[in-house]
Amino acid sequence: MSGAALGIEIVVVFFLALFLLHRYGDFKKQQRMVLFGTLLAWYLCFLIVFILPLDVSTTIYRQCEQDHKEQASVPALVSPLSNRTIVNTTAAPTKSVRTLCHKPWSYIPDGIMPVFWRVVYWTSQCLTWLLLPFMQSYARSGGFSITGKIKTALIENAIYYGTYLLIFGSLLIYVAVHPELRLSWYELQTIGITAANTWGLFLLVLLLGYGLVEIPRSYWNSSRHGHLLVKTYFKASKLMTEKADAEENLEDVMEEVRKVSESIKYNHPLRKYIDTILRKCPLDYQEKMGRNMDDYEDFDDKQNTYPTEKSLVKLHKQVIYAVQRHNRTRVQWQILLQQAIHLEDVAKNETSSTHQFVHSFPSSEPAGWFSRYIYTPTVGGKNAFILKGF
């Protein structure tokens with residue numbers, strides 16, 4: 001089993017990350033680079049959690065072996081015989097009890113874990129500070145060319161990279177002016193690691209205080225269905241306002257796209273940019289604009305004021321943001337609506353005399369084996385009745 005546990009966990013964690021990405025993502029719509037970056041980021045995060053116990057057990061075993069070697073290397077201390085006769089001063093010899101070191105099944109051979117942790121750490125650093133922020137800004141950019149998207153992504157990440165460079169520069173100046181320290185490649189790596197850890201600890205301090213209080217409180221309040229239902233109603237009213245605002249914003253942006261699309265015809269040099277913007281619009285808006293579009297009208301026949309490429313880049317970015325916001329609020333509204341309906345069903349079934357859980361809106365999907373054989377409507381009704389008693 002030497003190293004077999006490490007290999008098995010590496011393979012299992014990879015398929016776990018792949019399953020979660022398939023569950024929450026869409027392989028058909030997403031770009032291959034986006035899927036690869038997300039899969040690699042999730043894979044490394046899960047690897048740290050699953051491989052750490054193996055590393056700890058291996059370290060404990062090696063420490064036990066090292067202690068035994070040190071005990072075996074210490075020679076027995078023999079006191080020289082003295083000519084004097086000392087009465088009642090003899091002491092019984094003590095025996096050191098040696099514990100056996102049991103080799104764990106998860107033992108990892110020497111030389112593997114240092115290389116493994118270096119690969120995981122530096123790959124995570126590149127993903128955190130370079131690849132993922134750049135890909136996020138690149139996807140949201142309104143540029144029509146690769147060069148324009150890269151330029152926009154670099155400008156948007158200037159503040160993000162600037163905070164890291166500020167910490168890195170401060171530590172670099174400290175090392176440069178310190179008389180006992182000298183700059184080398186190893187010191188630069190140490191400064192980079194320190195700067196990254198400083199940024200992470202700063203965020204941890206800001207978020208940990210809120211999480212330590214809010215997470216236990218949310219789990220405690222989740223058992224209070226009445227309180228949770230009132231809170232869900234409040235969230236629904238707030239989300240409804242945000243959803244209406246997102247729909248109104250999408251309508252305004254689509255109206256602007258329609259006007260620009262009607263002004264720039266098929267033989268205009270900027271028409272390819274309009275086609276790119278239209279592909280980012282929802283399908284129903286694309287059909288409306290396609291019906292109202294007359295591609296056979298020559299743009300030179302009228303003296304219209306045409307938009308510039310810079311304004312189209314701005315409009316493209318607005319379309320991307322408006323569509324993403326609309327889709328996000330729509331999905332959040334559906335999830336919150338299902339949660340509110342479920343809590344209302346729980347409140348109704350708490351007072352039911354049949355002790356059988358009845359759904360107001362039965363699901364159209366077929367019930368799984370867990371719902372058919374284990375968590376049946378009778379079991380759900382009894383649980384609601386028990387919660388009512390508490």
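The backbone N, Cα and C atoms fix where each Cβ goes, glycine too.
TrEMBL does not curate its annotations; it predicts them automatically.
Feature annotation (TrEMBL): of 68-95, 208-235, 236-263, 264-291, the stretch labelled coiled coil is 236-263. With Cβ pairs under 8 Å as the measure, the transmembrane segment (189-213) is packed most heavily against 158-177, out of 34-52, 119-138, 158-177. When Cβ-Cβ distances below 8 Å are used as the criterion, the transmembrane segment (158-177) is approached by residues 129, 133, 183, 187-188, 191-192, 194-196, 198-199 of the same chain, each at least six residues removed from its ends.
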